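**Student:** Heads up, here are the entries from TrEMBL:
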TRANSMEM  B:33-54  transmembrane segment
TRANSMEM  B:74-98  transmembrane segment
TRANSMEM  B:119-137  transmembrane segment
TRANSMEM  B:152-178  transmembrane segment
TRANSMEM  B:190-222  transmembrane segment
TRANSMEM  B:228-247  transmembrane segment
Amino acid sequence: MSAVVMIALVGLAAFLPRYLPFVVLQDRKPSATAKDLLGYAPVAVLAALAVPPVLTPTGDGDRLTVLGPYLAGALVIVVVAYTSRHLLLSALAGTVVFFVLRAVMGS
Amino acid sequence: MTTENSETRPSTPNLEPLRQLTAKDRYLEGARAMLPFLVSIIPMSLAGGALGPASGLSALETLGLAMAANSGTAQFVAFSLVLQGASLVTLFLTTLVLGLRMLIYATVLREHFEDVPRGLKALVAFGLIDAIFFAAIDKLRDGTLNSHKHWYFLGASSLMYGVWMTCTAIGAVLGSLVPDLRSRGLDFPMAAMFVAMLVLSVTSRKLLAIAVVSGITVLAAATLPYNLGIVVAVVAGVATGGLWDLLAGRREAGTSSAVTPMEEN
């Protein structure tokens with residue numbers, strides 16, 4: 001895909017939600033329900049992005065890897081993130097486990 | 001610099017007994033309010049910059065995407081979608097969905113910026129991120145941020161944007177020096193970031209249900225073209241949250257999202 005188009009589209013998608021409320025529909029307030037639903041989107045996006053690489057490292061969508069570096073690394077992240085509440089620390093811990101396991105398993 | 005001259009005005013009986021703050025004071029105040037965040041965004045943006053080349057992007061494309069997204073999450077998501085070869089439609093829709101909470105921030109903020117010129121409003125909007133919103137909203141509510149409000153925002157966002165993009169550029173250049181990052185399994189650090197962000201944002205049973213439904217849906221919909229499965233999964237997840245609220249019968253929603261602390265109701 002063309003890099004310039006890609007960057008422009010991301011820029012537009014990032015800017016519109018930030019800017020539009022400042023200039024349009026000045027008298028409208030979003031309903032409480034709408035606010036709630038908007039608040040659910042980030043978690044849903046994160047789940048949609050976090051799950052496939054962990055459960056299908058091959059990306060073909062029909063093979064669940066029961067135990068391998070990907071799943072093991074992810075489990076470590078879940079545990080460390082849950083206990084430490086620290087983003088980088090948990091991502092780092094899982095990544096270290098991932099690479100150690102890969103090296104050990106020789107893949 | 002449209003509103004530099006408020007020192008001559010009689011000050012309102014307020015929390016500023018000594019003097020009116022100038023635009024420059026506000027700018028610096030905003031930047032100072034962001035200093036604690038630098039500790040976390042510097043390593044994050046260095047790592048984020050290195051993830052670009054790991055997704056098959058050039059250093060320049062990495063920086064371009066980061067500058068356009070101005071959001072760590074949106075940036076990582078964009079890299080990940082590029083890595084998966086997703087279509088432009090999926091890339092656009094997913095970025096849009098991730099930015100939807102900004103709609104709420106901007107809606108809450110707009111009453112404070114009614115007298116600010118459009119160009120500056122656009123700059124404030126462009127630089128808006130979670131950290132700035134939450135740093136400013138309390139000050140706006142209690143009246144301590146009562147003049148040159150946009151300069152406060154611009155001070156905060158220029159520091160955050162400048163630091164983030166500088167570190168992203170450094171990370172991207174370092175990342176692109178290592179040949180063929182991807183085949184070395186360096187796609188895992190990105191997945192790791194998402195897993196960690198997911199765990200940290202699941203703070204209630206309802207959010208867990210949303211995450212589970214979204215995760216199952218994306219696996220089930222993996223065969224859809226253009227990675228539209230991600231969009232379908234997000235819709236399913238959000239619908240789950242809505243259904244949960246309906247079944248719960250009362251409105252305790254929102255305890256979940258980052259948006260809550262400043263809700264007016």
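Glycine too: its Cβ is placed from the backbone N, Cα and C atoms.
Caution: TrEMBL annotation is automatic and unverified by curators.
Because the structure is a prediction, the values reported are computed rather than measured.
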**Student:** Examine the transmembrane segment (B:152-178) against the transmembrane segment (B:190-222) and state whether at least 3 Cβ pairs sit under 8 A, considering only residue pairs 6 or more apart.
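**Tutor:** They are not in contact.
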**Student:** Cβ pairs under 8 Å only, please: of the recorded stretches B:119-137, B:190-222, B:228-247, which one is richest in them relative to the transmembrane segment (B:74-98)?
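**Tutor:** Top-ranked stretch among B:119-137, B:190-222, B:228-247: B:228-247.
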**Student:** Looking only at residues six or more beyond either end of the transmembrane segment (B:228-247), which have a C-beta under 8 A from one in the stretch?
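**Tutor:** Distant contacts of the transmembrane segment (B:228-247): 81, 86-87, 89-90, 93-94, 97, 206-207, 209-211, 213-215, 217-218, 220-222, 253, 256.
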**Student:** Cβ under 8 Å to the transmembrane segment (B:190-222), counting only same-chain residues 6 or more beyond its ends: which ones?
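**Tutor:** Tertiary neighbours of the transmembrane segment (B:190-222) are 47, 51, 54-55, 73, 76, 79-80, 83, 228-230, 232-234, 236-238, 240-241, 244-245, 253, 255-256.
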